[in-house]
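Engineer: Let me give you the structure first, and then I'll get to my questions.
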Amino acid sequence: MSSTPEEFKSGFACFVGRPNAGKSTLTNALVGKKIVITSSKPQTTRHAVRGIVHRPDAQLILVDTPGLHKPRTLLGERLNDLVKTTWAEVDVIAVCLPASDKIGPGDRFLVGEAAKVAKTPKVALATKADLVEPDRMIEHLAEIQALGEAAGIEWASIVPVSATSGFQVELVSDELVKLLPNGFPLYPDGDITDEPEETLVAELIREAALEGVRDELPHSIAVTIDEMNLREDRPADKPLLDIYANIFLERESQKGIVIGHKGARLREVGAASRRQIEALLGTPVYLDLHVKIAKNWQTDAKHLRKLGF
Ligand SMILES: Nc1nc2c(ncn2[C@@H]2O[C@H](COP(=O)(O)OP(=O)(O)OP(=O)(O)O)[C@@H](O)[C@H]2O)c(=O)[nH]1
């Protein structure tokens, strides 16, 4: 039986935070499945992926945005625009401030920008709580309170959370849901994201390709999917999904890093991403990966369009 809007809440929340604050990991923890790539290299989230949390009393739609930062490229400018558009559209903004790091100028800038979206309620999340002792957490919570006051924000709540240990993940869900309007569910039961499967698959490949590469490479990697089809000559109980994908780099000189000696690294990337894709989609996968060059794609409007930005 579907609930009436009086007893059901539904709406959008977005995580705001400087790069590496733990936004993607928390989105995955709340949704209960890996739908957003995470990486120890900052600035890896490029899409406003929505994760959908289904609860008996609410549907919480999470929008994961890239970290706001000083733009250096056309891609950087587009990412910042995307962030601000998202903030203006959601019902609640959750600012992620990792307890493991001191609050810095980056956080102050970001909270100042969030304060400009005056009408939207804001929650502060002290992320990565597992990395600090209680004394440090108490200090961090006081700093968050002061940070809000300085920016003219009254936090609806301040919640310590660890996405990796699960500590207070439910409480974060409760606090966000409290701030949603009453309404019918916006997505069918069971849907966990409205990103097309192809985008999720491309992101998983990009994540695998990012593992262990040199610092300058992450921003240079883009992944596109040429084809994604169930193989036709297979019996229904033994499906196989064929995926043909491209890893785009900016320069010829980067190819060796991604491909490795005699293709060893590329094979690792293929095996790792195939496992992740199979876990996500629940179907055995044949993955064909090609490495290509799109010269200086981050600063070239035509390439950006072609790569989906
Ligand atoms: N110990 C610990 N590590 C965490 C936690 N949450 C995230 N991390 C790690 O912190 C790093 C960054 O996490 P992400 O979730 O990718 O951060 P993000 O804010 O989405 O980063 P961008 O995409 O750069 O904006 C990863 O290595 C995570 O594994 C946590 O609760 N505890």
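Numbers run from 1 along the shown chain.
For all residues, glycine too, the Cβ spot is worked out from N, Cα and C.
Please treat TrEMBL annotations as automatic predictions, because they have not gone through curation.
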Engineer: Of 79-82, 111-114, 127-130, which span is tagged region 'G4' by TrEMBL?
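Structural biologist: Within the set 79-82, 111-114, 127-130, TrEMBL attaches region 'G4' to 127-130.
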Engineer: From the ranges 17-24, 193-200, grab the one TrEMBL calls region 'G1'.
Structural biologist: 17-24
Engineer: Among the residue ranges 3-7, 38-42, 43-47, I'd like the one that TrEMBL describes as region 'G2'.
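Structural biologist: Spelled out, TrEMBL records region 'G2' over residues 43-47, not the other listed ranges.
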Engineer: The region 'G4' (127-130): which same-chain residues, six or more beyond its ends, come within Cβ distance under 8 Å?
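Structural biologist: That would be 17, 21-22, 26, 96-100, 137, 160-165, 167-168.
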Engineer: For K23 (GTP binding site), which DSSP three-state class applies?
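Structural biologist: SS state of K23 (GTP binding site) = helix.
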